[in-house]
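Over in TrEMBL, the protein carries these features:
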type	residues	note
TRANSMEM	12-30	transmembrane segment
DOMAIN	29-436	domain 'Cation/H+ exchanger transmembrane'
TRANSMEM	35-54	transmembrane segment
TRANSMEM	74-93	transmembrane segment
TRANSMEM	105-128	transmembrane segment
TRANSMEM	219-238	transmembrane segment
TRANSMEM	258-289	transmembrane segment
TRANSMEM	372-391	transmembrane segment
TRANSMEM	416-437	transmembrane segment
COMPBIAS	508-524	compositional bias 'Basic and acidic residues'
REGION	508-575	region 'Disordered'
COMPBIAS	525-537	compositional bias 'Low complexity'
Amino acid sequence: MPVLATTNFNIILSVLGGWVSLFGLVSYLCKESFYLSEALISLLAGVALSPHAANLIRPLDYALGSEENVNAVTLAFSRLVLGVQLVLAGVQLPSRYLKKQWEPLSILIGPIMAAMWLATSLLVWALVPGISLLHALAIGACVTPTDPVLSAVIVKGKFADHNVPKDLQQIIIAESGANDGLGYPFLFFALYLIKYIGDGGVAEQGGARVAMGLWFGETWGYTILLSVAYGAVVGWVAKELLHWAEERKFVDRESFLVFAISLALFIVGTCGMIGSDDVLACFVAGNVFTWDDWFRLETLDDSLQPTIDMLLNVSIFMWYGAVCPWELFSHSEVVPLGRLVPLGILVLLFRRLPWVFAIHKFIPQIEEVRQAIFVGFFGPVGVSAIFYLYVTLEFLHTLDVDGEHRDDVKNLPETVVVVVWFIAICSIVVHGLSIPLGKLGYYLPRTLSRSVASPDGDGPETISPFTIGSRVTTIAIRRRSGGQSGKEASPVSGRAVFKIGGSIIPRRREAPSSELPDQREVVDASRSSSASAVEAVQGLSAQNSVLPPGRTIRFPDESRLPSGQSARVAGSSEP
């Protein structure tokens, strides 16, 4: 008799597949109409399915009951997601972007990043009881980098297209990619000092001199400079090999599209083996890989990279929701909740915003004050912070004496876990809700005041009520009388129709109905030109010259148009 096999493997596949499918059914509504990020929604789903709730995602069971194994899995998963994300971020940038825009980018990842680190560290030092400045510097370094996964909310999609200039989107992508890898110098500056002078030099000999020698030699020389060189070499070699294979028609379309993702996996694995900065190497490799803009332009019509991006984002934030130490936020002995809440608020307000605002005139992409406030506020903390958190925990384990934490860092592991996780959760929630709440707070009072001022819709102009989700419906709904032209439209109802569920960003002005061609004329025109359209497409197919927009490459498996494509092209009349 069949037995229900509720194994961990079956459960996790069912949960992940079911959630991705359910979210996919309403993904456009959530992201493009309500401006909710998939990170926030997946985090909440992870919490609901975690051991604290439905107990369908059980991280401890997957890690053989060991908390250290859970930490190792979380670190490896974060490395994977950051590696893929940063290669794709580098590929998205235009040709030679790092070379052309090195001045504003150096400002963002130099003085502004240093100011973010110091400001966050001082807030941690002031609000976390019994913590030293060195420990605060280590915690502040974990949350200094801006997260490329959460930054995608403001550089992709309809909101970015309507509100964020293209050059500003690009500098945000470049900064979030570069400063992720540059978190190592800030973190290990504090960690090396903790190791060699934290206990007065009892456990480790050499003092600050050895600590700074290791910081310059290992962190800057081996970790940073080697990763930049390695990423540039691997990206350039990969680009040349792909050029060579494409010119000889050795590569098919599927392998061409997945090449950037496989490149990310290769770099993460090899950099992990040599102990270099895989995050920074991935970003540099992605930008060098498309240095001549060839790969970026050839994949403009590609949906594989965004698809992989979405799957990784949904998966990792579900995992974060399940492994986050929620119980420590309210029951921690090192940081009470009464200090965590103001710390999270102050970090979001003062970690980045004042410094970007103060120096924005030196960044050409930030042209207005409101853009400076926007860029300063949207510097989210997410996957990169969790990555550096577990890098810190790994380093602190090397300071153990006889299997026990050294006296001066006895409470540091728990402190860094609680503070970094809490700030990351605050950022995911606040930045995930900022855009929809900001739009709601801006438009709703004005809409209500307008509808009260003109309750019957008889004013000089028709006023549109507030909507979040579909085309704005006018207050005065009118109908044609008898279908005859020249007669005045009569109001059906003077009551405002408030509808939740549509776009609050104004769309492009559509042509009035009087200027649109009659439907019968369109049908007649399409019928008269259908034969010539089919003949034209068949001729192009015979010459093997039909390609999607932006493409110049024809792959060997695309020598002939797929079945039905000619009809699809002939029938498409959209611009």
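Using N, Cα and C of the backbone, Cβ positions are placed for all residues, glycine too.
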Whether the transmembrane segment (372-391) meets the transmembrane segment (74-93): three or more C-beta pairs under 8 angstroms: yes
The transmembrane segment (74-93) versus listed stretches 35-54, 105-128, 258-289: most Cβ pairs under 8 Å: 258-289
Per Cβ pairs under 8 Å, the stretch of 35-54, 105-128, 219-238 packing most closely against the transmembrane segment (258-289): 219-238
Intrachain residues whose Cβ lies under 8 Å of the transmembrane segment (105-128), provided they are six or more past its termini: 98, 136-137, 139-141, 143-145, 171, 174-175, 178-179, 182, 186, 334-335, 339, 342-343, 346-347, 350-352, 354-356, 359, 362-363, 379, 415, 419
